[in-house]
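These come from TrEMBL:
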| type | residues | note |
| --- | --- | --- |
| DOMAIN | 1-504 | domain 'Major facilitator superfamily (MFS) profile' |
| TRANSMEM | 6-29 | transmembrane segment |
| TRANSMEM | 41-60 | transmembrane segment |
| TRANSMEM | 80-102 | transmembrane segment |
| TRANSMEM | 109-129 | transmembrane segment |
| TRANSMEM | 149-171 | transmembrane segment |
| TRANSMEM | 213-234 | transmembrane segment |
| TRANSMEM | 316-341 | transmembrane segment |
| TRANSMEM | 353-375 | transmembrane segment |
| TRANSMEM | 387-404 | transmembrane segment |
| TRANSMEM | 416-434 | transmembrane segment |
| TRANSMEM | 446-466 | transmembrane segment |
| TRANSMEM | 478-498 | transmembrane segment |
Amino acid sequence: MSVTSITSVIIGFSILGVILFDMFNGVSSSLHSMRYRLKRLTVWLPTGICYAFFYCTRYNVAAGNVESVRSDLNFSADYFATVVTAGFWTYAVSAPVTGIVSDKMGGRFGLLVASVGSGVCNILLGVAFERDGFLRSAGIVTDGNIYGIFVTLYSLNILFQGFGTAAVIKVNSGWYCPIERGVFSGIYNVLLTSGYYMALGGAPVIIQQIGWSSVFLLPGSGLLLCFLLMFATLKEAPGVDELHEGKGRGGKVAKPGGSSLNLAKAWEDEEEEKTKLLDSDALELGKSASASTPLLPSPPSPPSATVGSLLRSPTFLCYLVAIINLCWVRDGLITWIYSFLESSRGEPLSPDTTALIGGAVTLGGFVGGVLCGLASDNLFQGNRSNPILLFSFFQIIALSALYYTSAEGGAGDNLVAFLMLLTSVFMLGNYTLLSYTIPTDLPFEIVATAGGIMTAAGYVASGLAGMGMGKLIGRYGYFGWFLSLQAATCLGSVAIVVGSRFGREEGGGDIRASPKARKVLGIDKKASKRLDALSFILIGGDAQVHTIKETSQAVVQMSGIQDEFLRTRAGDTGFYLWDGNGTAAERMRWRLGAMSPGKGHQQFLAHRAKDPTSYFGRTRVKRGNSSGISPF
């Protein structure tokens, strides 16, 4: 069996594994029936395959950016670089607009437009590059205008993809509860990252076996098939038939032992226990449970967060500089690695070599995002800058090893693939944490705007990595390419250090959130037997019915509803909920801000630390995990 086949099998089994995990993990199994999970699979799997094709048609140009293909097409390295730049800059400019259109028209509309538009553009590109095709025969495509057609259709291809970026988040989030979305984002990332392998591992094989035009014809046809599949199966949100009568979140759910559990009765019993606990806690603190007692005043409101304040924030501007440098490294490496290796070896790369390198980038993306997130949550207690700095340090070492072992053409395929894997782990791990997680640490009402600005800035840098890197290599050779990657890594690290220093001075998370985000809600003791909307005000998403006791406890861990009840001290049925993300310590400081230090304060903390449902106690929820994050 060839290396290409082995690598493809490994990628395929990885995808199969995450699909099975999505179907049978404990949280989803307890929340939803098998029928609901199968229905959900028919929704997200086609969108994931479609987005993998988006990645493939975004990076397949890199497979042609080698001397053998360039000479056959009579294109220079600068020509290819300009095509990449035009496409990425189109995405940077159009993504906010296409995202708004998709949001207005609906996620289904956005994905259908994206798949058919991108598919048609790629098929037209493939036909245009057919030497004996009808466009050539009709005189529509000539040697004089092929380059302009290439730039135009490639840019339109990426323009249409922008309709799918926001749409895929909108569609998938409707089928997943907030407590499932963190895991699902990792699952979905595995499927998306396989697009790297199709572009970097599969496209070179296609070029050698079939021809350059098929690099566009095959994924274009795949996108049109995805369009038909999504047209038949795609639903933006589960309907009434999925949500009730045992098909969705309501009805009966099987207990681990096999018998059925009456959900409504279990929920009512649990809420009765909670009510008793809350009453006893209020008495323990020496407070009256009278509803006529006035609410405890909330802490002073911080200034409202706006886009203007975001752009004036030194922290955000530093993160913006970091993402620009990181995108320069990512796309500069991916776009030019084959050209570098071919130049160093003095001969075209074999299909096995390209498959190994494409597989290394793909597996590096699988591992890097998860590893960097775990380091952030578990080793550094939710701190974002430290794992990025750690990964940047190892990225510098891995890039150096990759360049110096390969520059003279002496490194074997296995060594190059291993070093490319290490580099991708650190590089793509940093990218995942910086571009998808850090924006969620900003004030809640500008998270989407911040993410959009960072995405646009990143793709501006990606475009520069195409055209600018081509000119750099033409003037200084591949040593200049290597130095620019290292310099960008160092500059990004410095920006993170400076940004984190400003961040400590500015404060963050809950404490910096807008006063509009703070909500005071009056509820009665039986209110949470109905839809538990309170928890979802805090953690995002729509109100949903929770089915079993363990699930209810997990939600309480995230939202801290019981803690908010106790915080009022007066025994009133008022809840202070705070929208936004932050560390447990930041949340605690805000919640206990108006409490006077003393015996009552200590009793409160001592009791909650022993309660398995307490946000302050043995909570399983770490910073950033309460929001659904998607790596697009």
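Note: Cβ is positioned from N, Cα and C throughout, glycine not excepted.
For the domain 'Major facilitator superfamily (MFS) profile' (1-504), the mean pLDDT of the prediction comes to 77. The transmembrane segment (213-234) makes no contact with the transmembrane segment (80-102), as judged by fewer than three Cβ pairs under 8 Å among residues 6 or more apart in sequence. For the transmembrane segment (316-341), the residues of the chain that approach it from at least six positions outside its boundaries are 59, 61-63, 65-67, 77, 81, 84, 88, 196, 200, 204, 310, 349, 353-354, 357, 361, 388, 395, 399, 406, 416, 420, 423, 427-428, 430-431, 434-435, 438, 442, 450, 453-454, 457-462, 464-466, 469, 473, 478, 481, 484-485, 488-489, 491-493, 495-496, 498-499, 502, judged by C-beta separation under 8 angstroms. Remote same-chain residues near the transmembrane segment (353-375) are listed as 2-4, 7-8, 10-11, 14, 63, 186, 189-190, 193-194, 196-197, 199-205, 334, 337-338, 341, 387-388, 390-391, 413-414, 416-418, 420-433, 437, 624, 631 (criterion: CB distance under 8 Å, separation of at least six residues from the stretch ends). The list of residues near the transmembrane segment (478-498) in space but at least 6 beyond its ends in sequence, with Cβ under 8 angstroms from a Cβ of it, reads 314, 318-319, 321-326, 328-329, 332-333, 336, 340, 343-344, 385, 388-389, 392-393, 395-396, 399-400, 403, 407, 430, 469, 472.
Only pairs six or more apart in sequence are counted, and the transmembrane segment (41-60) with the transmembrane segment (387-404) gives fewer than three Cβ pairs under 8 Å, not enough to call it a contact. Sequence-distant contacts of the transmembrane segment (80-102) (same chain, six or more residues past either end, CB-CB distance under 8 Å): 58, 61-62, 64-65, 70, 109-110, 113, 150-151, 154-159, 161-167, 170, 331, 335, 452, 455-460, 462-471. When Cβ-Cβ distances below 8 Å are used as the criterion, the transmembrane segment (109-129) is approached by residues 47, 50, 53-54, 57, 73, 98, 101-103, 135, 141, 146, 149-150, 153-154, 156-164, 166-168, 170-171, 212-217, 219-224, 226-227, 230-231, 234 of the same chain, each at least six residues removed from its ends.
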